[in-house]
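Comments concern the structure below.
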Amino acid sequence: MGGCAGSRRRLSDSEGEETVPEPRLPLLDHQGAHWKNAVGFWLLGLCNNFSYVVMLSAAHDILSHERTSGNQSHVDPGPAPIPHNSSSRFDCNSVSTAAVLLADILPTLVIKLLAPLGLHLLPYSPRVLVSGICAAGSFVLVAFSHSVGTGLCGVVLASISSGLGEVTFLSLTAFYPRAVISWWSSGTGGAGLLGALSYLGLTQAGLSPQQTLLSMLGIPALLLASYFLLLTSPEAQDPGGEEEAESSARQPLIRTEAPESKPGSSSSLSLRERWTVFKGLLWYIVPLVVVYFAEYFINQGLFELLFFRNTSLSHAQQYRWYQMLYQAGVFASRSSLRCCHIRFTWALALLQSLNLAFLLADVWFSFLPSIYFVFLIILYEGLLGGAAYVNTFHNIALETSDEHREFAMATTCISDTLGISLSGLLALPLHDFLCQLS
């Protein structure tokens, strides 16, 4: 707890301030601190993205939302639902699940656009506290909502929590050894898998969507405990070992003659320096935008339309299985950095775009004979998306100098959000067009 208190003191101050570095820990204490930080960042990644993932998994239920007087959902996870649009072969909701996606991502986009301009001036602890409160509020509001509009307001709270948390925790990695980026990425992948799997499993077991959401209120509490109780005080960066060998082959992403400074001094960067850093980051930002545009166009634009009647699964169950398999792929690839490091992430963008084209063709022509082919493609889609995320941030951590890393992390995390937002905007008119087809 002493180290944790030191961490709070260090990070609650203005990030431009210089502090006297603490003495280096003995080897055993250093190893203990390493694992505490590794587990801490894994849990932060898990908890930060959990509400976001659950809202997407619950999208079909939120939009087919009707309540009894007892606040219990009429959405039954077992029997096949009555089609909302019997004139269409797609069994469409009146509103695309992309509406939930937009409610789940647009507030995040606003936060990430504004973050590089001044969010670093706000201490870390209040940011984390707001993120946890918004996550808890999202579960409660969606669980007790009586209309689609109220439910979408709860989704907005989840978006604020996830967006603020991602900017905060990725910036926070600048104060720790670069290995924590891998643990954070794995945790975000775990959020996808556990979030989608828990929602699927609990609703399949007979719980109503309302009961399922309320059972997840422990996640925001775990996020706050991981930050305030588990993370240790950040030390001066001395990667050492395996990362020292990696850094010897590192090619600087940004070449500048600016004097060396410590992580956390991004507030002292001039606008010219920020622009220079941003231009260097475009090599990684653009492919990540394309990857996320393609995969979320699939997830929220096509999942609902990839409906198979020749299976025992209802439409709602098919949608939940798609979400769970996608998140399983994301978790596997976000946890694979030590096994597979990909520098040329543009190749992942190309492969994900081919996935989108293939599944869009299937929605139009219906040539896949079984839902299990779609299951495999969606699992592969998740593998590509997770690999793009973890390798992008790992490459940036290796190729930016210490004084630029906090700003670079906060800036690049807008990539996935921008791609997701664009996909949601295009998926809405596509849904309306296809659902009018007989």
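Cβ atoms here come from the backbone N, Cα and C positions, even for glycine.
Residues annotated as region 'Disordered' in TrEMBL: 1-25 (among others).
For 237-268 (among others), the entry in TrEMBL reads region 'Disordered'.
What TrEMBL lists as transmembrane segment is 95-115 (among others). With a cut-off of 8 Å between Cβ atoms, the residues of this chain six or more beyond the transmembrane segment (95-115) that come close are 52, 55-56, 58-60, 62-63, 148, 152, 155-156, 158-160, 162-164, 166-167, 296, 299-301, 303-304, 319, 410-411, 413-414, 417-418, 420-421, 423-425, 427-428, 430-432.
Residues 47-48, 50-51, 54-55, 58, 62, 71, 119, 150-151, 153-158, 160-162, 164-165, 168, 209-211, 213-214, 216-217, 219-221, 223-224, 227-228 of the same chain lie 6 or more positions beyond the ends of the transmembrane segment (127-144) yet place their CB under 8 Å from a CB of it. Residues or ranges marked as transmembrane segment by TrEMBL: 127-144 (among others).
Annotation comment: TrEMBL describes 181-200 (among others) as transmembrane segment.
As annotated by TrEMBL, transmembrane segment applies to 212-230 (among others). Remote same-chain partners of the transmembrane segment (212-230), defined as residues 6 or more beyond its termini with a Cβ less than 8 Å from a stretch Cβ, comprise 1, 4, 8, 36, 39-40, 43-44, 46-48, 50-51, 54, 58, 125, 128-129, 131-133, 135-136, 139-140, 142-143, 161, 165, 198-199, 202-203.
According to TrEMBL, the feature transmembrane segment maps to 281-298 (among others).
Residues or ranges marked as transmembrane segment in TrEMBL: 344-365 (among others).
What TrEMBL lists as transmembrane segment is 371-390 (among others).
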- prompt: Apart from its near flanks, which chain residues at least 6 from the ends of the transmembrane segment (181-200) lie with a Cβ under 8 angstroms of it?
  reply: 37-39, 41-54, 57-58, 169-170, 173, 212, 216, 320-321, 323-324, 326-328, 330-335, 337-338, 382, 386, 389-390, 393-394, 397
Message: Counting only residues 6 or more past its boundaries, what in the same chain has a CB within less than 8 Å of a CB in the transmembrane segment (371-390)?
response: 181-182, 185-186, 188-189, 192, 287-288, 291-292, 295, 298, 306, 308, 311, 313, 318, 321-322, 325-334, 336-337, 340, 342, 345, 348-349, 351-352, 355, 358-359, 362, 416
